[in-house]
Amino acid sequence: MSNKWVVGLYILPAFLLISIFIFIPLLLSGYYGLMDWDGIGAMKYIGMENYFNAIRDGLFWESALHSFLLALFSTVSLIVYLAISLVLASKIKGSNVLRKIYLIPMLLSSVAIAQLWIKVFNPSNGILNSILAFFGVENPPAWLAEPNVVLYAIFIPILWQYAGFYILIYYAALKNIPESIVEAARIDGATPLQIAYKIKLPLIMGVVKVTIVLAVVGSLKYFDLIYVMTGGGPNGASEVMASYMYKLAFSSNDFGYGSAIGFLLLLITLVVTVIVRKVTASKEELQY
Amino acid sequence: MIKKKAVTMVFAVISSLLLISGCSGSDDASSSSGKTIEFMHLWPEGSSKQHNEIVKEIVADFEADNPDVKVKLEVMSNEQYKDKIKVLSTSNELPDVGMTWAAGYLEPYVDGKKFAPLDDLLEGDLKDSFVSGIPEAYAIDGSTYGLPLELNIASVFYNKKIFEENGLEVPKTYEEFQSVVKTLAKNDVAPIALGNKDSWTGSLWYMYFADRIGGGDVLTNAINRSGSFTDPALVSAAEEVQSMVDMDAFVKGFNGLSDEEAKSMFMNEQAAMYLIATWDLPNYTTNEDVPQEFRDSVGYFPFPTVDGSGDMSSYVGGPGVGLFVAEDSDVKEEAKEFVSFFVKEWGEKSVTEAGVIPATKVDAASLDLPDMYVNVLDDLNNASNITLFADVQMSADVAQVHLDMIQSLFGKEVSPEEFAEKHEEALSK
C-alpha cells in the first residue's frame, strides 16, 4: 500500500461514481439556478435573480418551516426510540420478536406506506375515523384535507417509517456495552434507571449524536410520503422544501427557480448539519 | 505479491472503464435491418388494459404494412410519463413519436422547437377526418403540433338507484339541483364524490358555474387576457362553489382525496353523483371488470342552468392526449406516416374496443354501441360550445396557481374576490 498510485487506483471507481452522480449534478443545479429556464427550451442567464426571489418567497419559507418542524419532531422522537431500545436490550421476554416487528415499516417502500396511510386517514372509510366513531367522537377531522391538521397527520407515518431504523441502531449500540460494567454498577446498588441514565446512555453518546444528525438531515430533505399522500396540499399546507422544489421544476415548468431552491436546500442542510455537530460536540469520548 | 497487486490494478482499471462506458449512452445496433421508430405512450397494461392492447394491435398492423420499419414501445403511467418526457427533452432525447396535451402544456415544447409541425398530415392524409375545431387546440401560431386522439366532455354521472330510493328527479335547474343535494345530505347520503387533491376535478365545477352564469367565452377570455377574472360572472361562479361547500354537497375531506378515491366512492355507491369527463364512459358501459348491476344503474345529465341563465348544450371538455413527432427525429417521415396510420386506426378501434370517444369523426350508425355512448355522441354533435379545461388552456405556472387556488376556494381559505385577484396576479406576470 506504499505506492500512492495504487491507492489512487483503488479509490478511482468510487470517486468517479460519486463525482458523476453526486458532485457534478450538485454543481449543475447551482448553475441552473442562475438561469431563466423552463426545462425544455433555451436557457437565459439572469444572474442571482432566482436566488434573490427565493429569499423573498414566502411560500419557500413556509415550506422550510414545515421541514424544520419535521426535523424537530423526528429529533424529539429519538428519545422514545431510545427508551424502547433500552427496554428491548434488557433481555425482556420476546424482545427478539418485538425488535423484528418494529423493523417491518423499514422493509416497505415509501409508496406502499403512503398508500397504506392514505387508507388509514380516509375521512369516511378509514380505520382511524371508524375507531374514533366507535368511541363516540362526533365529526372526526378529515385528516389530509384540513390545513391545520394535515402536516401533523402526515408526520405520524413518517416517524413510524423510520422508528425501526433508529431502534435497530440503538439496540446494536446498547448490546455492545460490556456486561461487566453493568454488572459492577448493579453490585454497587445502582437502580435500573440509574444504570440506563448514568452508564448506558453516556457510553452510546457517540451513536446518539450520529442519529441526531441523520434525523435532522433526513427530515430537511424529506420528500416521498408527502409527495404521494398530499402532493404538498391542500394549497401548500403540507409543503416541504423538497416537494416545493419538485412542484416548481416539474409542475410550474420553472426549472431555473426549482434548481435555485434545490441548491438553497443543500446550503440550509449543510449549515444545519454543521450547527448540530457543533452543539452536540463534547470534549472527550467516554471509553470503557 | 507482485502478481496479486497487478490483478487488483487491472480490476480497478476495468471497473472504472465499465463505469465510464456505462454513462456514455447506448446506441442501438438494431438499425442495420431498417428503421426504428421509438414510441412512448402512457397506457400501461395494468391501469388501461384496453388502450394498451389497441396500441399493440395498431403497431403490429403498421409493422406488417411497412416491413422495413420497426416500432419500439415504451410505456409509462401518466405522472411518470410527464416527468420523463420533460427530462428527455432537456437532454434532446425525445422519442420519435410520443404523447402530448394541448395548448398550455404544448407551448414550451413548441417554443423550444422540440415538436415538428404536422400541418401536411392535416391537409393531406387526414383531411376532414377530425371533429372540426379540435386539432386547433394543438395549434400555436398557425401550425399544428399534435394530433388529438381523444375527445371528452364533462357531465354529471349519477346513481339512478340512489336517486330512486330518495325520491329524486334529474335536476334541470340549479334550484332543483340544490334541493337534490339537500335531500341527499339530509338522508345521510353523500351527494357528490369529489377528489380535489387533484384539483382539476374541482376546476370542472368552477368552470361549469362560470359557463352557466357568464356564457361560454367568459373564462376563455379571462385566460387569454381579453377579459378578466374579476368579471362579476367569474366572481359569482366562485361564490356558487363555496355555497355548494356550505351545503355539504361534496364528500367529507374532498380536499385530501384523489380523483381515484372519489371515483371508487361513486362506484361503490357511497356517493350519488360524480362530475367527470367521458373518458370514464367504459366504466359505465362496456368494462367487464365493473359489475353489470352497477353499470345499469348509472345515468348522466348535463350540468343544470343557473338562475335561469346558461346553455345546457355548452360543455367543459376538449381533446385529451395527442400524438407529436419529435423535430430532431432521424426517421421523421416514417414517424409522420406512423402517426397518421395510428390516428386512423385508433378512430375505429377505440370506439368498439375501448369504448372511448376519439377525436376523429365516428360513424355511429354502422356500429353497435351502448346507449349511453350514443347519447354522449349526440351531445357532442349538438354541442354549442366546448370550453377547453382551464388548466390545459393556461401555461404551466399559471395552471399551478389556478389549481392551488381551486383547493383554497373549495377549502374556504380564500374569498371569491381573493381567488380572482390571485389569478389576475399570476396572469399579469
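For all residues, glycine too, the Cβ spot is worked out from N, Cα and C.
Sequence annotations record features per position, and here TrEMBL assigns transmembrane segment to A:7-28 (among others).
The annotation domain 'ABC transmembrane type-1' is assigned in TrEMBL to A:64-276.
The feature transmembrane segment is assigned by TrEMBL to A:68-89 (among others). Remote same-chain partners of the transmembrane segment (A:68-89), defined as residues 6 or more beyond its termini with a Cβ less than 8 Å from a stretch Cβ, comprise 95, 98-99, 102, 151, 155, 158-159, 162-163, 166-167, 170-171, 174-175, 196, 200-201, 208, 211-212, 215-216, 218-220, 222, 240, 272.
Per TrEMBL, transmembrane segment is recorded for A:101-118 (among others). Only residues 6 or more beyond the boundaries of the transmembrane segment (A:101-118), in the same chain, are considered here, and those with a CB under 8 A from a CB of the stretch are 84, 144, 156-157, 160-165, 167-168, 224-225, 228-229.
Within the chain carrying the transmembrane segment (A:149-173), a Cβ under 8 angstroms from the stretch's Cβ atoms is held by residues 66, 69-70, 73-74, 77-78, 81-82, 84-86, 88-89, 99, 102-106, 108, 110, 113-114, 116-117, 121, 141, 143, 204, 207-208, 210-211, 215, 218, 222, 225-226, 229-230, 233-234, 237-238, all 6 or more beyond its ends. Residues or ranges marked as transmembrane segment in TrEMBL: A:149-173 (among others).
Among the features that TrEMBL reports, transmembrane segment is placed at A:203-223 (among others).
Annotated transmembrane segment per TrEMBL: A:255-276 (among others), in sequence order. Within the chain, the transmembrane segment (A:255-276) has long-range Cβ neighbours (under 8 A, six or more residues past its boundaries) at 26, 29-39, 43, 46, 50-51, 53-54, 60, 64, 71, 212-213, 216-217, 220-221, 241-242, 244-246, 248-249.
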